[in-house]
Structures are given as structure tokens and as C-alpha cells.
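Taken from Swiss-Prot, the feature active site applies to Glu504. If you look up Swiss-Prot, you'll see Asp672 marked as active site, proton donor, on the strength of similarity to another entry. Annotated N-linked glycosylation site per Swiss-Prot: Asn7, Asn44, Asn89, Asn121, Asn169, Asn232, Asn386, Asn423, Asn614, Asn814, Asn846, Asn940 (among others), in sequence order, evidence recorded as sequence analysis. The feature signal peptide is assigned by Swiss-Prot to 1-24, with sequence analysis given as support.
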Amino acid sequence: MLLFKFNFTTAFLFTILAFAQARSHSSSSSSTSKSSASHHSSINSTSATSVYDFSSLTTPIVPTNGVAQEPTLYESSRGLSCPGYQARNISEYSYGVLAILELAGDACYAYGTDYPYLLLNVSYDTEERVHISISDLNQTQFQLSNRRDVWDAPLFYRSSNFSGNLQYNFSFNTDPFEFWITRIADDQVLFDTRGNPLIFEDQYIELTTNMVEDYNVYGLSGSQQSFRLGNNLTKTFWATGYSDSPEANMYGSHPFYMEQRYIPIGTTNTYTSASHGVLMLSSNGMEVLLRSTYIKYRMIGGIIDLFVYSGSTVSPKYTIQQYVQSIGTPTMQPYWSLGFQMSRWGYKTLSDLINMRSYLNASNIPTEGFWNDIDYMSEFRTFTVNSTAFPPNQTLDFFRSLDESHQHYVPVLDPAIYAANPNKSADRTYYPYYSGFEDNIFIKNPNGSAYVGMAWPGFVVYPDFTNPAVLQYWKQGILNLSTAFGSNYSYDLPFSGLCLDMNEPTSFCIGSCGSDLLKLNPVHPPFSLPGDVDNKVYSYPEDFNATNTTEYKSVSRASQSQYKATATSEKSHETPSSESLINGKPEFSINYPPYALDTDTETHDLAQFGVSPNATMHGNTLRYNLFNTYGYSESKISFEALNSIQPNIRPFLLSRSTFVGSGRYAAHWLGDNKSQWSDMVSSISSILTFNLLGIPMVGADVCGYNGNTDEELCARWMALGAFLPFYRNHNSLGSIPQEPFRWASVAEASRSAIEIRYSLLPYWYTLMHTASVDGTPMVRPLFFEFPKQISLASVDKQFMIGTALLISPALEPNTTYIQGIIPGDNDTIWYDWYNHSVINHDYDENITMSAPLGYVNIAVRGGNIIPLQQPGYTTYESRNNPYSLLIAMDNNGFASGSLYIDDGISMQTNSSLSVKLNSNSNTITCVVSGTMVSSPSLANITILGLSNPPNTILFNGQQLSDYQYSDQTLSLTNLLDLTVDGAFSKNWTVTWS
């Protein structure tokens, strides 16, 4: 939730939220179903006395802009005179290299004080991974690798199966010290610092690697971004609750990239390919400069903790497996999380949820989960429930009804804890604040007092998730939230998961702004909020049909008038001076380091939209050194707390802020996107990227979060979302309602897409299990499956689900056709999902595909066997329905596939099934291993690409009579009686002649 670009120089802003209710929207969209609009118009109506109202609160004068900084990125001269280092006292071993690095000349004081001596420690961790650590000799710089209590991963431990058969060479020169890493298999240089002096200062570290021409790099993400990164781009890693620019720093930090290289074979216009990976492990602020001939790392603290993965000359998926296995494979999510989820900021009462559920059910739109934003809280305070808007008895009845229908409820949980007003008697019962002080678990100021920022409740304090005592505190908070909802069962939570929002963490002011102002609490944040009279939403998607509707005219006039009012009151920022110098050296500064990061905030102050760098964490660790890990730490603690409360139920967590390895604990959504076609397009790139980064369960707010969607965009996005891992419709308070039943065409598109998604649940779940075992992405770019086809390197508007399905969505308004590529050479066979016909295509050529509204082009790749189930209204119903198999033969008449089955919810599965399926020109074999009893039978088998009709078909030796053959498609039906004990209760074989 949050955030628009706030201009704090004006008293209040107008662009956060709040334009329409369903009734007003129904009059503005000519294509809206009248019956739908009138039937559902009451869903957002609430009693004025039952919901929290900001309007009477005081707006305190607090610092919001900070001190204006000029990003250092745009300076070019600093560091050019730095001498680099020389290697001394070198010791080479079978497992690595140790050396002392000595400054090779006078200190240059680029953006800090140079260390005269460094320690080089090169460790050959595995056959595929080398770790280069460069630290100051006295070990005074912060090292994340020394804080295993905060962040731990397999990459810190040498593999017990290490054979010593290295797939790489580490080479170096001594004067100046420079190193390069080469993959032995093809002699490709993977990382190369030659010709680039190392700079290592107390607040500035610079390391540069040379790059090949027109390199293909992917990763380096914080949230939304393009897929293939350009070579004139800077990525800033500084977790913040706000960003308004593509590629800018945002919620998280993942300083890992994968490079895919194409090596031409003679003059034949064909290529081999190879990939490798690079991780610069750091929780400090960082910029990565991608330029035409190099990639440059600039860090404002810590050390160099560089991991290079030799990757693969076969497929990039092996490179990603190496990386993800080293940081920790993603957690296995519960089966229900693959269902469609419905959410918004604006379900203010229990009645809103009940009505919304009823309308979805009446519209026959399968819905798995129902989510609340902060509306359910009492005065937006964490671990509380507004008992007027959500009466405990009725709320528990609602939860029981969900449970009986095998549906789920997920509330949002913000980390910021309301700072109780000492003069308000009602605040004295707010346990999360007082018990947190008793447990001493809040982030502190340098003087030891509590750091008091600002969030939705007013002035707030922040739990320190690195404090060992915070686990019990957080666990108790979750239990108390359960009780506040009316539950009498401490260890049987009424909610199925938690949505971890605002966990960078976000603050609406600079510094500990509320330390001396708690007697004013609760206070109004220093900008206009949902429900304020001047807070309307006027934006619509690109190419929105601006007809003569009253809505659009009034929106346009109001938007222009408010823009003019804001523009005239805009004030220029204070002109910053250069950093302070002491004896010619940059002054050490935590809040305003000499190297100013290019953050996407108004002043580039590091504390804007976050907790200040000089705040203190457990063990007197500066937040400056752990800045990018807060969301990771909250996910870890929340996972452990839920696991402690319900030990055998998989925790489901959805986190906005993520760091390296967050996938071990949480899924991720891309944050506060916009209801724009461009945001729908970029969501594909971001989801593909996070699958490379070890967080496969990821999705965007379908139909958009900020701004108003429209019918066409929402129909297209609901259809697209069904083919991405995490599928949730969510938008902001003040924007028009966008539940899929609001428009007839959106409802139809949703039903069609969800029907396909739910039929594919066995396939999706198997992909999820594979990801949790070895890190293989669930959704993949095309070049992952076709790594030698160079034209696919930049394709990011089509994608693969696993190895078998190619998804080609419509991503532009006012179109019924799309252009797309069908990958692979002319021997690669693709079948149309809907009619099973062979798709004709030429190598490396786009084809035109029909794409009417509500339709997504799906191609099935020959060589795959896809397990399916008859879709139901919920994932529970679906997984208890009969199975079927879709077998798509390749050019040689072969196909294979797999299926993983467990109970879908247990943390430790006592029994499961692994099924291997293979087919050739006249036989299908099913080999089952495992002890789980799975009762659904097998209903039918469809075989595509069978050249000749069969005369006789046998299922485990028993002749079949129910089959049809047409256009190279064989359909075997009425198999239920042959598999009454379960489709995969035992091995079986189908043969034909």
C-alpha cells in the first residue's frame, strides 16, 4: 500500500485516492453491464460511525523533505586519481587464495578515507561457485557474513560433496592487483577487473568488471523493471516505500545478475550460448552502473563479498539453480495460494467482505481468498481489529463459512507500531507498544531512545527484527490478533496467511520526528489521506475512451485546477553544498554520506520514506549497514512465528520488501503499480526477473493499484494474471471498484482464464515443488528453453510456464490481434491449446495471432505431458476432481512429464507421490513412487501428434473401446472405472497398435 510521489512543500496533496463508488462508475462507462452495476453498487457503502475517520486529527509540523542532496552519480572526476592496490604475502591453496592488498600510492579520498591495507580471501566454495572477499585488514567495516543471526544461507558453507573439479579458473595480477575468472569449458571470461583500479574507503567502495559488447544481463532488481537490462542504466539499491520511476530503487534489493552470451558458429548465423551469474552480497546502499563496456559497483559501506557462478553452456536454468540453491531454495507454498485472490484497500466493514464474496459467487467467478487492507484495524493500529466494523461473533461466523467452503482470509500486517499517547487513557491498553518497550525490541536512536517515525496510525515505533527477543513478541502479537478477531483458539488461527506491507520500513517523515510529540498522537500524516475532501483519483489508463461522459469532464476540470494550484505553490529546494571536508578528507557521515545515492525521492535524502540510516539495531548495529534487509528479517520472523503457532501448516506470507533469499520465507507482490497498460506490460518482466532471483511465487496487483482501471484493461489483465504464479486483484481506496464482476466482459474473461488456470493446478503445483527443491523458475523467459536462439534475448511480452506452455497475451488497447514469435527451429512442434491443431510457424519469424477480448493465446510445446484436473470453484474442489493427461508429441513421437502430489498444506509431508510419465509412438508409461493415497481417478487422455489411427488400445492389458481419432489427435475417454483406486495409485501402461 502507498505510495504516490508526495510534494511535501504544499500543505496537502490531491493525488492519492478517492474518486468513485460503483454507482458513479456505472454511469461513466458505456460498456458496463447495467444489471451488474446496479446489483453491486452497495458493496462499498459503509456506516460513517463504523469506520475510522482521519479528518479530525491534528497535522503536526514535522520534517518531510530532509536535506536536499545532489546525486554523486553525475560526477565523473572523483576516483580517477585513485592508485589501486598491490598484492603482497600471497598464499595459494587448493581451496583458494589469501593475500594482503596494499594501497599502491597516496590515498585519493574519493568519498571517504582509503584503507592502506586490505585482506583478500578467495574461496573455491563449490565446483561452480567462487567467493571473493575483500575487507579492511582490521575488520572494522561491517560484514553481513559475520551476522548469521540476521542473514544466513548455504553459500557460507563449503559443500560436503565438493570434489575439487573446478569449472572455473581464478587468475590475478599483483601490481596493480586485478583479477579475472574464466569458465574452463569454453574459456569465456566471466568477471574481469583488469584496467580498473580498486577503491576501498570507509564509506565508498568501487569495483568494476569489463563486459562484452551488447551484453545480455538480467536481474539486479528491487521491484518493477524491464527484463533485459540496458547498457546505459544505473540500478540503485536502497529500500524505500516509494518510487515513481521505472528502474528506480524501490522496495527491495537483489544485487545479482545473470548474463547470457551468444557465441557465433562460423558464418552460419547460428550460435552456441552460455550463461553465468554474479552476486555482490551487501546490505548497504549500492549503485550498479551498467555501461556499454563495463559494470561498476559503488557501495557506501560494508566490504566486497562477491560470488561468481560459472553457470552453464547448456541452459541458463542451471545457472539459476546454482544461484538459488546457494541462497536458499524457495519455501513450498500452500496449494490454495495458487487460487485467485480478491482484495482492495476499501473493504471497510465485514459487510463489504460478505457482499463482495456473494457477488463473486453469484457471478460464478472462482475465488480462493478474501483479503483486507488496513481497514480492519482499529485506528490503523497493528494487531488490532475494529470491533464495530468487524464484530467478533459475526466475523468468526464469516471465517467459519470460508473454512466450510475451503476458502481463505488474509489480512495485511504493517510492522510500524502506534506510539501510545501517555496522556490518553485509551492508549494505555495498546499492548504492542508497552510490551515492546518491556521487551526492549524497538529500533533506537543513537542516544538509546526509541526511534519514532510516522505511518498510518500517526507517530509509530518499529520492531527490530534482528533482536532475538522479537520472535516471541511478534508471535504473541499474531496470537492477539487472532483473539481480536474473536477466536478462542490460540493455536488455530482464523486467517490463512499474512500480507506484510510497508516493511522497508516506510516512514512519512524525516528522522525520529515524533520523539517529542507523542502527546499529540494520533496525528494526521503530513499529506492528504483517503477520505479527505481534497483527495480524488483522476487518472485512467492510456487510450481511455474520453467520451462526453459527465465523469470524465468533471475529472479533467478538477485535475487541471488542482494541478495549477499545486504548481503555483511549488517552492524550489535548498541548493546543497558539497560535502564537508576535514583536512582535505570527506567527513564521515551516516545520514549524509559523501557519496550521495541517486534515490528516487524528491531530495535524495536517505531518510525520506524510510527509517534514518543512523537508527540503531540490535548489537549497536547501524541501520545504515542493514538498510536493505528489514523486509527480509520481518518475513523470516513472521515465518518462524507462524510455524511455531501452527507447526505443521505451511506459513503463507506475501511481502512487499525483499532481499537476497527472501523466497525461503515469503512470496512477493510487485507493490503499488498503476492502472496503466504500460504497468501490465512491465509486470511480466518483473515477474520473470523475480523467478530468476529465487522468489517464484510472485505477481502484480491485477487491474492496477493506483488510479482507475477501465473495462478493457481489467479484462486483459484478469486474463493475463491467471497465467502468472500469484494471482490477486487489488487496488487502492478512492479508485473505482474493480472486482471482476463489475463488467460483463471482465467477468467472462475471468471465468475463462480461471477455468484454464484451475485445470492446470497439478502442473502449477509440480512446478512449485520443483522450484522449492532446486530453484528452477516456475515461469521463464523464452530463451531459457531455447538458449541458442539469439532473437529471444529481449523477448519479454511472451513467456513460458515451465517447459510446456507458451503464453502470448494481448497487452495493448483497442486490438484483436497480436504479433508474437513461436520459438524453436522448424523441427519444434507447437499445438494450439484450444483446438489442438499444429501451429504453423517459420524459424525466427513473428506470426499474427487472433486475440479477442478475454482470450489468451496458449501454445503447447511438443514433447510434453501435462497433468490436468477438472476445474472446480476452489482449489480444494479442483484437486479432488478427476485427472486427465494432455500428451503433446514432439517431432520424433516422444513426450514426457511429471507430477508431484502431497496434501498441499503440511509443513513436513509424511507422504507424497512423484509420478513420471513417458510416451512414444505406441506406448504411455506411468511410474509412481511414494506412499500417499490420492483418490481422484483418471478420466481421459488426449494425445496430440499421433500420425496414424490405432486399431487396438490396451490399458494395463485391458482393451479400450471408448476412444476417438481425428486430425492426428487420439482421445481416450471413460477411464474412471479402470482407475477407481486413483489415477496414480499404481503403475500403469497404455499401448496401441
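Any Cβ shown, glycine's included, is placed from N, Cα and C.
Rounded to a whole number, the C-alpha distance linking Asn940 (N-linked glycosylation site) with Asn846 (N-linked glycosylation site) is 34 angstrom. Once Cβ contacts within 10 Å are tallied over all protein chains shown, the glycosylation sites Asn169, Asn386, Asn423, Asn814, Asn940 are led by Asn386. Rounded to the nearest whole angstrom, the C-alpha distance between Asn423 (N-linked glycosylation site) and Asn121 (N-linked glycosylation site) is 56. When the Cα of Glu504 (active site) is compared against those of the recorded positions Asn386, Asp672, Asn846, the shortest separation belongs to Asp672. Looking at Asn121 (N-linked glycosylation site) and Asn89 (N-linked glycosylation site), their Cα atoms lie 12 Å from each other.
Of the recorded residues, Asp672 (active site, proton donor) and Asn846 (N-linked glycosylation site) place their C-alpha atoms 33 Å from one another. Taking Cα separation as the measure, Asn386 (N-linked glycosylation site) is nearest to Asn614 of the glycosylation sites Asn169, Asn232, Asn614. Ranked by CA distance from Asn614 (N-linked glycosylation site), the glycosylation sites Asn89, Asn169, Asn232, Asn814, Asn846 have Asn232 at the top as the closest. Here the Cβ of Asn121 (N-linked glycosylation site) has 13 other Cβ atoms within 10 Å, regardless of which shown protein chain they belong to. Once Cβ contacts within 10 Å are tallied over all protein chains shown, the glycosylation sites Asn89, Asn232, Asn614, Asn846 are led by Asn614. Using a 10 Å radius centred on the Cβ of the residue listed as 'active site' and all shown protein chains, the other Cβ atoms total 27. The Cβ of the residue listed as 'active site, proton donor' has 27 neighbouring Cβ atoms from other residues within 10 Å, across all protein chains displayed. The shortest Cα-Cα distance from Asn169 (N-linked glycosylation site) to any of the glycosylation sites (Asn89, Asn232, Asn814, Asn846) is found for Asn89. It is 59 Å from the Cα atom of Asn846 (N-linked glycosylation site) to that of Asn89 (N-linked glycosylation site).
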